[in-house]
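Okay, so here's the structure we're looking at.
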Amino acid sequence: MELRFPRFSQGLAQDPTTRRIWFGIATAHDFESHDDITEERLYQNIFASHFGQLAIIFLWTSGNLFHVAWQGNFESWIQDPLHVRPIAHAIWDPHFGQPAVEAFTRGGAAGPVNIAYSGVYQWWYTIGLRTNEDLYTGALFLLFLSTLSLIGGWLHLQPKWKPSLSWFKNAESRLNHHLSGLFGVSSLAWTGHLVHVAIPASRGEYVRWNNFLDVLPYPQGLGPLLTGQWNLYAQNPDSSNHLFGTTQGAGTAILTLLGGFHPQTQSLWLTDIAHHHLAIAFIFLIAGHMYRTNFGIGHSIKDLLEAHTPPGGRLGRGHKGLYDTINNSIHFQLGLALASLGVITSLVAQHMYSLPSYAFIAQDFTTQAALYTHHQYIAGFIMTGAFAHGAIFFIRDYNPEQNEDNVLARMLDHKEAIISHLSWASLFLGFHTLGLYVHNDVMLAFGTPEKQILIEPIFAQWIQSAHGKTTYGFDILLSSTSGPAFNAGRTLWLPGWLNAVNENSNSLFLTIGPGDFLVHHAIALGLHTTTLILVKGALDARGSKLMPDKKDFGYSFPCDGPGRGGTCDISAWDAFYLAVFWMLNTIGWVTFYWHWKHITLWQGNVSQFNESSTYLMGWLRDYLWLNSSQLINGYNPFGMNSLSVWAWMFLFGHLVWATGFMFLISWRGYWQELIETLAWAHERTPLANLIRWRDKPVALSIVQARLVGLAHFSVGYIFTYAAFLIASTSGKFG
């Protein structure tokens with residue numbers, strides 16, 4: 001018999017309909033469901049695929065370096081980072097007429113190019129790269145790593161090199177190696193790079209392999225380290241009039257705690273960053289020696305978990321049984337990893353703009369907006385994925401006997417209380433926030449803006465004041481010059497920090513008012529509702545009062561037939577599906593808020609945000625409509641301009657988004673009838689009927705159509721906003 005796709009499922013391969021293709025694609029990565037899978041092979045397959053993932057990442061980053069070196073303007077950008085537009089790569093399109101060629105030829109290029117809004121120029125400049133040759137070297141090195149990763153992946157699929165199951169289940173060794181090796185050593189190596197290459201480069205000293213051993217990063221070398229006078233490394237830092245990349249105003253310190261920003265670049269002091277990475281390295285190198293392996297010393301994670309019984313016994317058996325539950329469930333481990341990574345990615349979004357670490361990136365407004373939005377969307381997808389795999393864990397891997405009365409079992413026991421509290425919080429936030437917005441809308445519409453309900457966010461302002469913001473006059477903690485907190489840090493980082501917090505030209509602790517109060521609560525509504533849907537999906541994944549045997553139906557099922565009413569749309573997959581819409585809408589509010597507040601800050605008219613953000617019409621008119629006007633003007637009677645591509649993408653994004661509803665708001669029978677009619681017509685049409693298909697065409701399943709609809713909705717939503725964001729920001733600020 002001929003081998004047909006999918007090879008991993010003979011049952012599916014023999015399906016006579018097009019279901020074979022779609023279900024084959026859908027389950028290609030669900031290794032657990034494949035024929036002849038064993039637990040050991042499952043782990044080996046996933047392990048080998050990690051090498052492929054690394055290869056793709058290295059190839060991609062290599063491509064970035066290569067194209068900028070080949071077609072970019074890195075060397076001329078370095079001469080004037082604030083006015084030269086960084087080029088990502090050249091573009092060639094046979095459709096371009098002369099107006100298009102002229103519109104897209106910028107940044108000092110000879111032909112049409114794309115401008116880089118990713119921040120790579122600022123990053124490479126900060127870490128000490130200075131020439132195209134440096135970029136080519138980096139590209140080749142990453143290409144080498146990519147090849148190495150592919151070889152590693154292939155190697156670990158060979159019988160002699162396949163790790164055993166016991167190797168994968170050795171949690172302590174893995175933790176030690178990842179903490180010390182991955183985080184500790186890499187942070188130490190990065191500190192080394194910053195101290196030996198990046199900091200000298202910021203002071204006009206070009207360190208490469210040929211002079212690496214001759215140039216001391218600090219005049220006294222290792223002397224202060226060996227004699228215990230570590231504070232010497234912080235003496236003589238760069239002065240406030242230091243010109244980045246030159247010797248003018250440069251100091252000699254390598255590890256400092258200055259606080260605040262470099263006045264010229266508006267980014268964190270490189271010597272502060274090096275100090276931070278050294279501290280991280282120190283912590284992780286210690287952490288990576290904590291767990292017991294072959295040597296009989298250190299902690300056993302299992303013992304740690306078993307020992308933690310809650311006091312008084314009222315909270316059950318604590319963490320007993322958790323070690324084996326987590327160690328034997330890939331979905332649990334993936335859920336934990338995704339939850340952590342999702343939070344970290346969102347934190348990256350928040351910190352990249354408020355505490356920028358790359359030189360001059362804070363003044364590249366479009367890049368700031370693009371990076372914030374990019375990281376928040378990625379965080380949203382990763383976090384919803386965490387709950388999806390949490391639900392799969394409960395369906396496939398959870399063993400009630402192993403987890404009797406521990407924290408997992410008690411979560412399931414108390415799920416009604418958890419879900420109803422989340423529901424109450426969501427309802428409260430939703431009705432009150434919408435009520436305030438709508439009230440304010442009506443007041444504006446009737447010409448009585450003074451009757452708006454405007455609430456000052458006094459608690460948030462108090463927190464900002466505690467961190468040193470003096471605008472509000474709270475006179476507390478770091479904003480009080482007489483307090484112990486103020487005096488303790490006065491000789492170290494505090495002056496730099498206070499200067500940064502109270503200088504209104506950066507994004508650190510922006511002044512907030514009633515508009516911020518409302519939008520924060522709108523975002524809180526979105527976060528709580530998304531969480532409600534995800535938590536309910538996971539906690540009800542095994543069963544509910546309505547459907548106690550739900551776990552027997554798997555992760556994604558449409559319904560249990562017509563005989564059991566009400567069993568449609570309640571699979572754990574359906575909860576994930578619904579949560580993604582809420583996640584996207586929530587991040588929409590987050591990014592609208594961030595972008596509008598920053599546009600008014602950058603333009604110097606913060607009063608526009610403050611006055612218009614307290615009612616919905618203000619958001620629709622003064623943010624969305626006002627800022628999309630240039631976008632809609634991408635093509636006009638006078639020809640085209642450099643925003644035309646974004647105008648096209650804006651339209652295309654709407655098209656993709658709207659297409660999603662065709663899959664979301666229709667039923668399977670309609671499509672089945674349509675397909676059969678089209679197949680009938682095809683078979684009776686001359687010439688066309690020469691083309692035959694082996695698989696009988698059938699409509700997508702309900703779950704698949706939902707996935708296709710969700711994918712279109714998500715992609716269209718993000719494309720539309722990306723075009724709006726980049727065009728409206730670059731149209732104003734270049």
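Glycine is no exception: its Cβ is also placed from the backbone N, Cα and C atoms.
Residues or ranges marked as transmembrane segment by Swiss-Prot: 46-69 (among others).
The feature transmembrane segment is assigned by Swiss-Prot to 135-158 (among others), with sequence analysis given as support.
Within the chain carrying the transmembrane segment (175-199), a Cβ under 8 angstroms from the stretch's Cβ atoms is held by residues 126-128, 207, 212, 215, 217-218, 254-255, 270-271, 273-274, 277-278, 280-281, 283-285, 287-291, 293, 301, all 6 or more beyond its ends. Here Swiss-Prot flags 175-199 (among others) as transmembrane segment, drawing on sequence analysis.
Only residues 6 or more beyond the boundaries of the transmembrane segment (273-291), in the same chain, are considered here, and those with a CB under 8 A from a CB of the stretch are 172-173, 175-181, 183-185, 187-188, 190-191, 194-195, 198-199, 234, 254-257, 298-301, 357. The transmembrane segment annotation in Swiss-Prot covers 273-291 (among others), and the record cites sequence analysis as its basis.
Positions annotated as transmembrane segment by Swiss-Prot, on the basis of sequence analysis: 330-353 (among others).
Sequence annotations record features per position, and here Swiss-Prot assigns transmembrane segment to 369-395 (among others) based on sequence analysis. For the transmembrane segment (369-395), same-chain residues at least 6 beyond its ends with a Cβ under 8 Å from one of its own Cβ atoms are 117-119, 329, 331-332, 334-336, 338-339, 341-343, 345-346, 348-349, 352-353, 412, 530, 534-535, 537-539, 541-542, 551, 554-555, 572-573, 575-576, 579-580, 583-584, 586-587, 590-591, 594-595, 598, 718, 721-722, 725-726, 729.
What Swiss-Prot records for 417-439 (among others) is transmembrane segment, and it gives sequence analysis as the kind of evidence. Sequence-distant neighbours of the transmembrane segment (417-439) (same chain, 6+ residues past either end, Cβ-Cβ under 8 Å): 411, 452-453, 455, 518, 521-522, 524-525, 528-529, 531-532, 535-536, 539-540, 614-616.
Outside the transmembrane segment (517-535), and at least 6 residues removed from its termini, the chain residues within Cβ reach (under 8 Å) are 384, 387, 418-419, 422-423, 425-426, 429-430, 432-433, 436-437, 455-457, 460, 575-576, 578-579, 582-583, 585-586, 589-590, 593, 613-614. Look at Swiss-Prot and you will find 517-535 (among others) tagged as transmembrane segment.
Feature annotation from Swiss-Prot assigns [4Fe-4S] cluster binding site to CYS559, CYS568. According to DSSP, CYS559 ([4Fe-4S] cluster binding site) is assigned to coil rather than to any helix or strand.
Same-chain residues lying 6 or more positions outside the transmembrane segment (575-596) and placing a CB less than 8 Å from one of its CB atoms are 353, 369, 372-373, 376-377, 380-381, 383-384, 387-388, 391, 516, 519, 522-523, 526-527, 529-530, 533-534, 536-538, 540, 609, 613, 619, 623-624, 627, 706-707, 710, 713-714, 717-718, 721, 725, 728-729. Positions annotated as transmembrane segment by Swiss-Prot, on the basis of sequence analysis: 575-596 (among others).
Annotated transmembrane segment per Swiss-Prot: 643-665 (among others), in sequence order, evidence recorded as sequence analysis. Long-range Cβ contacts of the transmembrane segment (643-665) within its own chain (Cβ-Cβ under 8 Å, at least 6 residues beyond either end) map to 100, 103-104, 628, 630-635, 700, 705-706, 708-724, 726-727, 730-731.
Per Swiss-Prot, chlorophyll a B1 binding site is recorded for HIS654, and the stated evidence type is sequence analysis. With a cut-off of 8 Å between CB atoms and residues at least 6 apart in sequence, the same chain places GLY716, THR720 near HIS654 (chlorophyll a B1 binding site), listed in sequence order. Annotation note: HIS654 (chlorophyll a B1 binding site) sits in a helical segment as assigned by DSSP.
The chlorophyll a B3 binding site annotation in Swiss-Prot covers MET662, TYR670 and is backed by sequence analysis. For TYR670 (chlorophyll a B3 binding site), the count of additional Cβ atoms within 10 Å of its Cβ stands at 10 [all protein chains shown].
The Cβ of TRP671 (phylloquinone binding site) lies under 8 Å from the Cβ of ALA699, LEU700, ALA705, each on the same chain and at least six residues away in sequence. Look at Swiss-Prot and you will find TRP671 tagged as phylloquinone binding site, backed by sequence analysis.
Annotation comment: Swiss-Prot describes 707-727 (among others) as transmembrane segment, evidence class sequence analysis.
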Length of the line joining the Cα atoms of MET662 (chlorophyll a B3 binding site) and CYS568 ([4Fe-4S] cluster binding site), in Å: 20
Nonlocal neighbours by CB distance (under 8 Å) for CYS568 ([4Fe-4S] cluster binding site), same chain, sequence gap 6 or more: PRO558, CYS559
The one of CYS559, MET662 whose CB sees the fewest other CB atoms within 10 Å, among these binding-site residues: MET662
